[in-house]
Amino acid sequence: MKTVLITGFEPFGGEQINPSWEVVSQLDNAILGGCRVVARQLPCVFGESLAVLNSAIDALSPSVVLAVGQAGGRTDITVERVAINVDDARIPDNRGNQPVDVPVIPNGPAAWFSTLPIKAMVSAIREAGIPASVSQTAGTFVCNHVMYGLLHKLSSMADVKGGFIHIPYLPQQAAAHPGAPSMAADTVRRALETAIITALYVDADIIVAGGATH
């Protein structure tokens, strides 16, 4: 049976929970599309997050790796297109590290593109009645760090797809951030299940507009 590795993060930035792990942990040992899903939590720490991720990939030999992170303020499920080779932290990570303009991988490419069928995933999530879009930036904090490091590792591995999805706050978090959008955990879970199945069985992405003007 094929394996899908899905990851979420521990809380950071003063939050008591991280919606990515709250939802991703529910998928551990699930069977989706005939494949076993394994969930792992990543520390919100530069360097350490990639060490944990790389160890999980080496141990599990997954067919798909989907990293998930919190994007407070976003209104929908956002499937990331690209990760860039820079750490530029506006706030410290959970170990107090705050790199500024430091490469994720020294001498690595300027960017890596997701190898997931991102537009097909967005389309399938929308068809499930859940708001979703392609995102053009994963930021420059630990989420981008993980996405870049993941894709850099997978570039030397045959037949393994990988990428990143950002999700909004959960309602209980938004209650502490008046005006902030949120999405229920059950809805996020359905979106991630849909994304996983699409990633498993769509090899060539669909050609539809998913860009941004700014």
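Placement of Cβ uses the backbone N, Cα and C atoms for every residue, glycine included.
Per Swiss-Prot, these features apply:
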type: ACT_SITE; residues: E80; note: active site
type: ACT_SITE; residues: C143; note: active site
type: ACT_SITE; residues: H166; note: active site
If one looks at the chain holding E80 (active site), which residues at least 6 apart in sequence have a CB under 8 angstroms from its CB?
S114, I118, S135, T137, A138, M147, G163, F164, I165, H166
Other than its own, how many Cβ atoms are within 10 Å of the Cβ belonging to H166 (active site)?
24
Non-local Cβ contacts of C143 (active site) (under 8 Å, 6 or more apart, same chain)?
F9, A67, G69, A71, F164, H166
